[in-house]
Amino acid sequence: MDYIIAFGGLILFLLLGMPVAFALGATAVVMLFLHSGDLQGTTQLAIAGFKAVDSFVLVALPLYVLMGESFTAGSSSQRLYRSATALTQHLRAGLGIATISSCGVFAAISGSSMTNAVTLGRITIPEMRARGYDKELAAGLVASGGTLGMLIPPSLAFILYSALTDTSVRALFAAGLVPGLLQLGLTILFLLLLARVPQPLPQVPWAERFVALTAAGWALALPIIVLGGIYGGVFTATEAAAVGAIYVIMVNILTDRRFEPRAFWQTLLRTVENSARLLSIVIGSSLLGHAMIVMQIPQEITAAVVSFELAPLLILVGILLVLTLLGCFLDPISITLIAVPIVFPVVTAMGFDPIWFGVLLVMNLELGMITPPIGMNLFAIQSIVHDLRSSEMWRAALPFAGISVLSIAIVFMFPAVAMWLPGILK
């Protein structure tokens, strides 16, 4: 009963607008106080918080943030979209295909869903609307494409999941790639076969395509360097993050006049701000996790679930549905840090592969990001498309939420979709 009251306190803290990290830490203090009756039980929280960030895996987190911030600070995003448009605009739904393809490539750079959606949304949505695309289709497509940022590696959610569960980052990155490409392919099929789109634009001459691809060559090389280095065994995930960040900064300095010292300084400030926010949530979640371990909450939940004598797959479906619901209200990073310490012991006790579950976890959280009425990517797109009402945004998201559900169902029923590539790379 004490921990139920404490979790109610967490919800109350969040509703009052308290930052997630502080809400988690305050909840941990409340839980330990209710458990022991005094504050002596909280003395170990400082050590737990320090140990949480004393991790080589988490060194990659600010480096990937720096890589994404540096990429968006320059003109590489525009070059990337122009090259994709030059290749596909003569096809049915060509601009839509260029948009979702750009989201897929940018996902391999940013590692963040909302960053992916907002950065490319500012570029692609005005262009699609100017070419006759319905504003709902354009907004829904970019909101959905943004979710690839947490699934296609490198993914910040996978890095945190690895740190929490002691699973291989390299295996998680490999497991997320094929499901991410699957969702990308299903979206392209929807655009080709079902979406209502304007007539294709004239085909771009091959000479102009070559010029566009050459201009975007530096940007297109980045995912190859980072992911190729990880999968090829040249870099660890942390080393790849450092190489990628240095590569983007050097490319911006050499090829982009807009990337002046002031722009570089602003990039560093945003990196520090975002990294501090993420790592503070890591510390807060570690305090909550320590409190739960002291109170043996994971063991109690595992024993309670096992006592229900339900089919393991049915229990897993229930867990995933709850995670999707949480994804409508909180960002995936916060949910990963809050939920994984609770549900991971249950999942492993039932014999499920932790890598496969990690992929399903991220896919369900990203579904929550575009699920009406509170999906966070929907609000992000509305912030840049000012004439889009909430009801229109919800309607725009529904077909793409359906595509996400189909992708999750395929990975759920056929685990080899996620586990095939990690098996090859062992």
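The backbone N, Cα and C atoms fix where each Cβ goes, glycine too.
Annotations in TrEMBL come from automatic prediction, not curation.
These figures come from a predicted structure and were not determined experimentally.
Copied from TrEMBL, the annotated features are:
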TRANSMEM  6-33  transmembrane segment
TRANSMEM  45-67  transmembrane segment
TRANSMEM  97-125  transmembrane segment
TRANSMEM  137-161  transmembrane segment
TRANSMEM  173-198  transmembrane segment
TRANSMEM  210-231  transmembrane segment
TRANSMEM  237-255  transmembrane segment
TRANSMEM  276-298  transmembrane segment
TRANSMEM  310-330  transmembrane segment
TRANSMEM  337-361  transmembrane segment
TRANSMEM  397-421  transmembrane segment
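Between the transmembrane segment (173-198) and the transmembrane segment (397-421), three or more CB pairs separated by 6 or more residues in sequence fall under 8 Å, so the two stretches touch. Within the chain, the transmembrane segment (310-330) has long-range Cβ neighbours (under 8 A, six or more residues past its boundaries) at 14, 20, 338-339, 343, 346-347, 350-352, 357, 360-361, 364-369, 371, 373-375, 408, 412.
Counting same-chain residues at least six beyond the ends of the transmembrane segment (237-255), those with a Cβ under 8 angstroms from any Cβ of the stretch are 56-57, 59-60, 63-64, 66-67, 70-71, 73-74, 76, 109, 154, 159, 169-170, 173, 218-219, 222, 225-227, 229-230, 264. Taking every listed stretch (97-125, 137-161, 210-231, 276-298, 337-361) in turn, the largest tally of C-beta pairs under 8 A with the transmembrane segment (6-33) is reached by 276-298.
Non-local neighbours of the transmembrane segment (97-125) in the same chain are 64-65, 67-68, 71-72, 77-78, 80-81, 84-85, 87-89, 91, 135, 138-139, 141-156, 180-181, 184, 187-188, 191-192, 219-220, 222-223, 226-227, 244, 248, 331-332, 366, 369, 376-377, 380-381, 383-385; each lies 6+ residues outside the stretch with a CB under 8 Å from one of its CB atoms.
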